[in-house]
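**Q** Can you read through this structure? Questions will come right after.
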Amino acid sequence: MAKTKELSKDTRKRIVDLHQTGKSESTIGKQLGVKKSTVGAILRKWKTYKTTDNLLRSGAPRKISSCGVKMIMRTVSKNPRTTRGDLVNDLQRAGTTVTKVTISNTLQQQGIKSCSARCVPLLKPVHVQARLKFAREHIDDTAEDWENVMWSDETKVELFGINSTRRVWRKKNTELHPKNTIPTVKHGGGNIVLWGCFSAKGTGRLIRVKDRMNGAMYREILSQKLLPSVRALKMKRSWVFQHDNDPKHTARTTKEWLRKKHLKVLEWPSQSPDLNPMENLWRELKVRVARRQPQNITALEKICMEEWAKIPATVCANLVKTYSNRLTSVIANKGYVTKY
């Protein structure tokens, strides 16, 4: 049977008004074009509750008790990677039978939804403390200080990349809590590997690293790509070089080369890609390259070089201008990974 249309508030009010004038239910129904049974139902509601408005409906009883909800919340809080199937089994052992959909609805009512876990660097206590130390030591540095830094990094660019995901139960704005992330360890590989650098004034030189990079190759890149970039971008004489703590960067021979070239190196906390704005520039490059859909390695390298040269200097300047926000976030997050 089709659901009938609900009477408007005005019609219900007129039914009551006509009843109060002494008219019968049949007369009211004929006058307003409403069934006698409907008129009677409206008047009974009015006599009982002194209103014709819709009353609050109780709905179906909850399948999961308040104790069951608390048990679910404790479980996903302790282990956000718990699956809906695990929760269904837990409740079944406690004497409550529900479906996975009911589990999802219950968690959503508690402000928790299923999200893809973020992949972040694996942070040991020593890394966390080093990140906090770096942030606190540089929190008062000026924008001009950061404009004097030449940032550098390596990355891999995949021709056809596939990223696997895992899901966790979490509340809003908790995506970077350690329990809601997937630790990763940096490693080589990929279709092509690039080394690049930039400062607030724009991008420096970019090079494809065709073989496995060692200390000698790295020093050659610094000599042939870094130093010309510094001159091309007209960095101040007091410029500072940033690179991470990769073994070839911290090797004795590399440190000696940097010392002989009188290069000032920024002391860097390990496992901190979120502190390096170069990561954001790599993301910018990869988005640009993906739009052009290269079909082979040769085209991939060519497009990378072309798109790198097209990145506006304003993008670089904006990344450096807001650098202090990264340090503030590290301190606020107690040394753990930030949104950057």
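Don't overthink the numbers, they just go from 1 along the chain as shown.
Using the three backbone atoms N, Cα and C, a Cβ is placed for every residue, glycine included.
Quick caveat, the model's predicted, so the values are computed rather than measured.
Below, the features straight out of TrEMBL:
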DOMAIN    1-52  domain 'Sleeping Beauty transposase HTH'
DOMAIN    71-140  domain 'Transposase Tc1-like'
DOMAIN    149-300  domain 'Tc1-like transposase DDE'
**Q** Looking at the domain 'Tc1-like transposase DDE' (149-300) alone, can you tell me the average pLDDT?
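**A** Averaging the confidence scores along the domain 'Tc1-like transposase DDE' (149-300) gives 88.
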**Q** Count up the helix, strand and coil residues in the domain 'Sleeping Beauty transposase HTH' (1-52) according to DSSP, in that order.
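**A** Within the domain 'Sleeping Beauty transposase HTH' (1-52) the tally stands at 34 helix, 0 strand, 18 coil.
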**Q** Residue counts in helix (H, G, I), strand (E, B) and coil for the domain 'Transposase Tc1-like' (71-140), per DSSP?
**A** 42 helix, 9 strand, 19 coil
